[in-house]
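Here is the structure we will look at, set down as structure tokens.
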Amino acid sequence: MWDIDLTYREEFQDVFDRLLEKKEVLEKQRPLPAVALKKIRESLMIEWTYNSNSIEGNTLSLRETQMILQEGITIKGKSLREHFEAKNHESAINHLYTLVENTSHILLSSDILSLHGYILRSIEDEFAGRLRNGGVRIAGANFTPPNARKVSGLLDELIQFVQNNPLGLNDIELATVFHHKFVWIHPFFDGNGRTIRLAMNLLLMRKGFPPAIILKNDRKKYYDALNQANKGNYKKLMLVISQALERTLNIYIGALPGSDYEYTEISNLVEEESLPYGQEYLSLLARQGKIDAYKEGRNWLTTKKAIKDYIKSRKRKR
Ligand SMILES: Nc1ncnc2c1ncn2[C@@H]1O[C@H](COP(=O)(O)OP(=O)(O)OP(=O)(O)O)[C@@H](O)[C@H]1O
Ligand SMILES: [Mg+2]
């Protein structure tokens, strides 16, 4: 169970280096300007809540989520449960920020249980913060989660694995493997996805990263990546999580005063610059994580520097 195929690594070295470099840029600027930090946290609160709940099936839009969280408005035609899910996720994130401050340990089982407690509060109180005591199935998954009798032991082993990191994984790899093994164990009757999308970020944030937010638009890719990880292939999940992380790193860096990271849509760059690649090819490189880029809505955004870096690295490899 804890043997992991690391053959994806070679291909990801550039991506990991780039993410670490961006984290360093942020770390050097800490503490970040309070006003900028507050604004980013508020907008991330809304999009994190919207995206994670929407992946789970909540039908509130981003705007509706914002109205509920920021203006305390209830949305006509939406169930009480959906409102609770939005409010609960907000409380869970606030709780997460307090957990992040406590860096005396990497991960405790109480961290996970308390996050889960917030997620199901007032919705399924009898299950909130409690491990399952019966079988579960995951729709569309290529496996059945382990028997309930094994859950507690497996979860302890997973936490040990994260704490001791016997394979010497970097922070991004560790968060990714943690995410996958957790949903594989499926410790709760419900709320596993929302809980691990928080707990994975607890690891990253304790290491100085911003949260990686998996977008609703990437749901299919994300589920497919989990299915591949079930078969032992972590490549796609590594990409999904790296890209999610890079997007928020870019948001933070972009908010720093005097930032020179200017992202534009690939189509604009192709028009303005004399580049050796067309839009299609650059989009492909972006999707594959081969250039520094992130997706906003339906468009990929990148920088001139990213493309120059790519051209340089190609020359080096030849
Ligand atoms: N094929 C799969 N293999 C492993 N895990 C999967 C697979 N498909 C989905 N999952 C995980 O299971 C989660 C669903 O579990 P559960 O319903 O308990 O969580 P939820 O928070 O209520 O919903 P969701 O996770 O959809 O937000 C998914 O979010 C995903 O992380
Ligand atoms: Mg569910």
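Using the three backbone atoms N, Cα and C, a Cβ is placed for every residue, glycine included.
TrEMBL: automatically predicted annotations, no manual curation.
According to TrEMBL, the active site annotation covers His186. Mapped onto three states, the DSSP output places His186 (active site) in coil. With a 10 A radius on its CB, His186 (active site) counts 24 other CB atoms from all the protein chains.
DSSP gives Ile196 (ATP binding site) a helix state. The Cβ of Ile196 (ATP binding site) lies under 8 Å from the Cβ of Phe178, His179, Phe182, Val183, each of these being in the same chain and 6 or more residues away along the sequence. According to TrEMBL, the feature ATP binding site maps to Asp190, Gly191, Asn192, Gly193, Arg194, Thr195, Ile196, Arg197, Tyr222, Tyr223, Asn230.
Positions annotated as domain 'Fido' by TrEMBL: 107-243. In the predicted model, the domain 'Fido' (107-243) has a mean pLDDT of 97.
The site 'Important for autoinhibition of adenylyltransferase activity' annotation in TrEMBL covers Glu56. Within 10 Å of the C-beta of Glu56 (site 'Important for autoinhibition of adenylyltransferase activity') there are 18 other C-beta atoms, taking all protein chains into account.
Rounded to a whole number, the C-alpha distance linking Asn192 (ATP binding site) with His186 (active site) is 6 angstrom. Counting in whole angstrom, His186 (active site) lies 12 from Arg194 (ATP binding site) by their C-alpha atoms.
Looking at Asn192, Asn230, the binding-site residues in this record, the fewest other C-beta atoms within 10 angstroms of the C-beta turn up around Asn230. Geometry remark: Asn230 (ATP binding site) versus Glu56 (site 'Important for autoinhibition of adenylyltransferase activity'), CA distance 20 Å. Checked against Glu56 (site 'Important for autoinhibition of adenylyltransferase activity') by C-alpha proximity, the binding-site residues Asp190, Arg194, Tyr222 yield Arg194 as the nearest. Taking a Cβ distance under 6 Å to any atom of ligand 2 as the criterion, the recorded positions His186, Asp190, Asn230 reduce to Asp190.
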